[in-house]
Amino acid sequence: MRLLVFLAMVPAAWSYPSGAVTSSCSNLTPQHRGSSQTGASPYTVTASSRSYTAGQSVTVLLQASSGKSFTGFLLEAREVGGQTPVGSFSISSSDAQLLTCSSQPKSAVSHTSSSAKTIIQVTWQPSTSQVKDVEFHATFVQSYSVFWVDLKSLSLSRSSNTSTTSALDNISSSGCGSSKICISQPSGCDPAVSSSCFFMSAAALSSDAVSYEMSGPSSGYIAFGFSDDQQMGNDDIYICGVGANSLVSVQRAFSTGKTRPTSQPLGNVSGVAASINNNVIKCVFVSSNPISTQRASVSNQTYYLLYAYGSSSSGQIQKHSGTFISTDKLDIFNPQTSQISGLPKIIKAHGTLMLTSWMTTAAVGMMFARYMRSTAKGQKLLGKDVWFVVHVAVMSITVIATCIAFILPFVHARDWSGGAHPVLGCLVMILSLLQLLGALLRCEPQHPRRFLFNWFHASNAMAVKALAVAAIFTGLNLVDSTHGWLMAVMGAFLGWDVLFYFLFEVKFRWKMNIAGEGSGSRTQSLVLRIVYVMGNLACLIALLVGIGTS
């Protein structure tokens with residue numbers, strides 16, 4: 001009977017869901033069945049600085065990698081090689097509580113319940129007599145039998161510097177090209193001056209430690225990655241993003257294709273400081289992780305730098321809304337400032353063909369068919385009405401250019417990029433081919449059902465024109481971050497088209513009502529066409545210049 005009572009009491013001594021784990025202060029080991037995990041931990045303990053000063057606090061983050069959580073934890077600060085806690089903690093979360101270990105109040109932090117947690121942020125204050133290097137020790141409990149014991153942060157050294165300037169406030173382009181490598185958009189911008197500057201820098205501190213800075217306007221995340229090429233896939237990535245708890249943290253990931261990157265343990269990262277203020281995200285940290293892109297040869301230490309930014313949902317990053325890439329491979333240990341590469345030439349050709357086809361040649365072809373047949377009535381070319389020959393010629397050019405433009409991005413990406421732009425492009429391509437097929441199979445003008453073709457041809461033309469304009473807008477939006485004015489010019493371009501369609505229609509109906517067009521009216525029509533073409537070409541050239549310099 002006594003044995004049964006004893007056995008019934010044992011589990012209560014093995015598990016402390018309330019976090020009252022002072023019995024584990026010395027060895028940081030949960031009194032659970034089993035032993036600590038020995039594989040890679042999905043959890044990290046990081047400090048906001050690599051040094052500490054008396055009177056100044058250090059922020060400590062306990063963090064789970066994406067998709068993971070922990071139910072319990074125990075955190076202490078110890079001198080390097082020491083066995084007792086030093087300093088004191090303060091907390092602001094209901095998921096954490098302060099403990100007294102080794103008779104020192106507030107010298108440890110643990111959980112308050114067994115609820116799932118992904119991140120815990122606390123503040124550590126060194127004692128005035130503290131002089132030795134310090135490191136943070138943490139134990140994470142995933143479940144009753146799965147836990148990791150005594151994970152350590154990088155050590156913090158005692159500093160005599162009493163400056164209170166935050167590392168985040170020091171992010172700037174100062175030192176780019178001399179002491180650190182940098183990429184930015186717009187090229188050469190300074191995040192210390194402009195809040196619209198996307199910026200990343202890397203400075204080698206030693207042969208295996210690199211200090212990184214990131215800044216950019218985003219409400220979700222900013223990220224950079226090391227790549228062997230200028231395409232997404234097999235990239236070593238660091239993400240500075242807003243979590244489900246609205247705190248900004250640093251995450252590490254690896255991309256295996258054009259899908260959401262796979263979360264990786266943060267590894268040897270320290271000195272983490274992160275913030276979001278007025279929708280500008282900033283992060284600084286030091287990483288001693290080796291760069292891994294899983295390539296065959298690891299002797300070359302140069303990489304392209306990829307930068308991306310976008311939104312997040314419940315702490316999960318979404319598809320990026322903008323990216324830019326270094327023009328050349330960079331060596332962290334050979335500081336330089338890199339220019340960002342523009343759009344690939346094949347994508348510029350795609351945009352040029354679609355823009356010219358649907359905003360100029362298609363517009364001319366449609367206007368000739370609608371408004372010029374009565375003006376050029378009786379005039380022949382190659383045995384056909386002039387308006388008809390011009391209409392067929394320019395619309396054939398439009399369809400051929402559309403086919404070429406449609407193929408080019410697939411040749412470049414060899415994948416489906418997602419989003420509205422490719423969907424609209426496919427619809428434009430399908431309706432363009434239907435328009436061509438309908439024209440080839442049309443019946444004679446005198447056929448009693450000719451009105452069906454006329455109705456379909458006109459309706460399909462308006463539909464494909466509207467879809468093409470929408471596709472152009474979504475395409476320009478993908479690259480407008482380089483300039484910021486392409487969307488505005490495209491809006492003016494569309495407004496110009498709509499205005500002159502209206503003027504041409506009014507003129508056409510007025511002419512039909514008076515059953516003729518005098519010499520004065522013909523002059524007015526000619527001036528109207530010349531003004532329209534000049535405005536159309538001006539907008540087209542401006543957009544082509546923007547695409548060419550993107």
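Cβ coordinates come from backbone N, Cα and C, glycine included.
Per TrEMBL, these features apply:
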SIGNAL    1-15  signal peptide
DOMAIN    196-310  domain 'DOMON'
DOMAIN    314-510  domain 'Cytochrome b561'
TRANSMEM  353-373  transmembrane segment
TRANSMEM  385-408  transmembrane segment
TRANSMEM  420-441  transmembrane segment
TRANSMEM  462-479  transmembrane segment
TRANSMEM  485-506  transmembrane segment
TRANSMEM  526-547  transmembrane segment
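Within the chain, the transmembrane segment (462-479) has long-range Cβ neighbours (under 8 A, six or more residues past its boundaries) at 322, 343, 351, 354-355, 357-359, 362, 366, 419-421, 424-425, 427-428, 431-432, 435, 486-487, 490, 494, 543, 547, 550. Sequence-remote contacts of a segment are chain residues at least 6 beyond its ends whose Cβ falls under 8 Å from one of its Cβ atoms, and for the transmembrane segment (526-547) they are 343, 348, 351-352, 355-356, 359-360, 363, 476, 479, 483, 485-486, 489-490, 492-493, 496-497, 500, 503-504, 507.
With helix defined as DSSP H, G or I and strand as E or B, the domain 'DOMON' (196-310) counts 0 helix, 66 strand, 49 coil.
As a whole-number mean, the pLDDT of the domain 'DOMON' (196-310) in this prediction is 85.
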